[in-house]
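According to TrEMBL, the protein has these features:
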TRANSMEM  31-54  transmembrane segment
TRANSMEM  84-110  transmembrane segment
TRANSMEM  116-134  transmembrane segment
TRANSMEM  146-163  transmembrane segment
TRANSMEM  192-211  transmembrane segment
TRANSMEM  232-255  transmembrane segment
TRANSMEM  297-318  transmembrane segment
TRANSMEM  345-365  transmembrane segment
TRANSMEM  377-396  transmembrane segment
Amino acid sequence: FSFRKLWAFTGPGFLMSIAYLDPGNIESDLQSGAVAGFKLLWVLLLATVIGLLLQRLAARLGVVTGLHLAEVCNRQYHKFPRIILWLMVELAIIGSDMQEVIGSAIAINLLSVGKIPLWGGVLITIADTFVFLFLDKYGLRKLEAFFGFLITIMALTFGYEYITVKPNQQKVLQGLFIPYCKNCGTPQLEQAVGIVGAVIMPHNMYLHSALVKSRQVDRSNKRQVREANKYFFIESCIALFVSFIINIFVVTVFAEAFYNKTNADVNQVCANSSSPHASLFPNNNKTLEVDIYKGGVVLGCYFGPAALYIWAIGILAAGQSSTMTGTYSGQFVMEGFLNLRWSRFARVLLTRSIAVTPTLFVAIFQDVEHLTGMNDFLNVLMSLQLPFALIPVLTFTSLPSVMHDFANGL
């Protein structure tokens, strides 16, 4: 084992792990905490472990074959299944991108104290395309460093919320390692399904298998291939552990502070703290429903304005980073499935337009306070798209004709 070699292979796993920290994930975390308390932490742990195993398979495919998953699908499948797979993956990318762009727009709205409307935040977020192109022009390592910086911001901001709220550590450990959900019903089950859809992203398999190609490996040398697989797996473990800890921060903050709270409870606290957002929560005894926007407002009411702005900065970092990896995914998928050889600028512009257009319509015609249902729907959509990424990954990595000596036994 060499730390120098690990450092040389570090980068793709952290870019991949951004998908585990996008605004859709953060919203799923805070809702599961508010709806089920600490009871669904074990689902988050299990989903992350399964995600790691699948990401490992995707990375192995890229390292061994020198092709990413979309390119292998192009070579192995006939035209009809290939087009169906491409459409399903594009649907997943659009759904994920909608969450990411809306998340960024909500963060900008919170930071501007409501002066920048949702559609204005979406237009600002579209500029990510040009930031992405600018950074990418200076090499992948610079881009990887920038993503590392954004992940650090998320760890610090959500870590601050965790320290401020001080969740019960015994309940955290119990929720993580004892698979139970006492007195759970349909709302908790919906959150459990949403966690799986939010954590295991279908298009992330395609992304990871492409990112590992950025490292030079002599594929005729089995020792080098085996070594690359080992270091990429170690790096993925570290990256997903970091993302898992950040997700734990969010779930436990809302489980500790807002589980079983009613609208009336929050309305009273917000009114006492002179918050301009008290009207968001009707004065009734219905259970509190939160999303990224309301979550920030509630944190501000209970723990001061600093908690709200720090929350918004974390959401903005999550949204900015994940929109760029979503762009990367769209580029690789379109390039691989359709065998397109466009300029990078044209590819990025097209993939961003496909995702941003429906998002802009939602932002114009939907109120910032009423986006929870859309996010729940998109998380369930991700769950439904999973088989269209899992079947190719599991199939190709077990075929000796594709993986040669590195095929899985199962």
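Yeah, the Cβs are placed from backbone N, Cα and C, and that goes for glycine too.
Note that the coordinates shown come from a computational prediction; the quantities given were computed from them, not determined experimentally.
When the stretches 84-110, 146-163, 192-211, 297-318, 377-396 are ranked by Cβ pairs under 8 Å to the transmembrane segment (31-54), first place goes to 192-211. Most Cβ pairs within less than 8 Å of the transmembrane segment (377-396), among stretches 84-110, 146-163, 192-211, 232-255, 297-318, belong to 192-211. Among residues of the same chain six or more beyond the transmembrane segment (146-163), those with a C-beta under 8 A of the stretch's C-beta atoms are 14-15, 17-18, 21, 135, 242-243, 245-246, 249-250, 252-253, 299, 303, 307, 310-311, 313-314, 317-318, 320-321, 324-325. If one looks beyond the transmembrane segment (297-318) by at least 6 residues along the same chain, the residues whose Cβ comes under 8 Å of a Cβ in the stretch are 21-23, 25-26, 100, 103-104, 106-108, 110-111, 150-151, 153-154, 157-158, 160-161, 164-165, 253, 257-258, 266, 269-270, 273, 275, 277-278, 280, 288, 290.
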